[in-house]
């Protein structure tokens, strides 16, 4: 095993590798934290701008995040991780969708900059794909879709109790009351505060569940 010297002490190559890994983790964390701070100030930085703000070289920043899409993906994972890890404890669909909305929207408000950046990247990718400036098979594409998994969890109690078509329609409806687009419509177009937004989406959630159960003959 090759050994090196650190402060006059021998260190093994495995220890050196761990140190390098920790150093890389710190650099990545610094870049993400810097980007999140810039986003919350309304500034969606290029990778070069991020490198300057974080005090690292352009080469280093591009090594971690070759594209803005990959940067945003990491930011979303970091800032909205609690939402992505949400696991329902409730027994009914109504209780689950209510719990999801109550939990998720404050997180969205807390990290509004990250949400807006994700939407911006998604829209730019669509334009680039349409103009054939981007390959749809590109593995670096920013992919959205966590909403589907959470909606599936909320809808789970009605699996097998209503038809597949009714279940799918309910999930599709849920996806229109939970998500960044909904949050930004209420904020940007209607100028609603967080309490007003929560009141409306909770009301819509109850209406959806009630209509589904009524259509399926589960309630009179």
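The backbone N, Cα and C atoms fix where each Cβ goes, and this holds for glycine too.
All annotation found in TrEMBL is predicted automatically rather than curated by experts.
Per TrEMBL, region 'Disordered' is recorded for 1-25.
According to TrEMBL, the domain 'HTH tetR-type' annotation covers 25-83.
For the DNA-binding region (46-65), the model's pLDDT averages out at 95. Residues or ranges marked as DNA-binding region by TrEMBL: 46-65.
Using a Cβ-Cβ cut-off under 8 Å and counting only residues 6 or more beyond its ends in the same chain, the DNA-binding region (46-65) has close neighbours at 27-28, 30-31, 34-35, 38, 71, 74.
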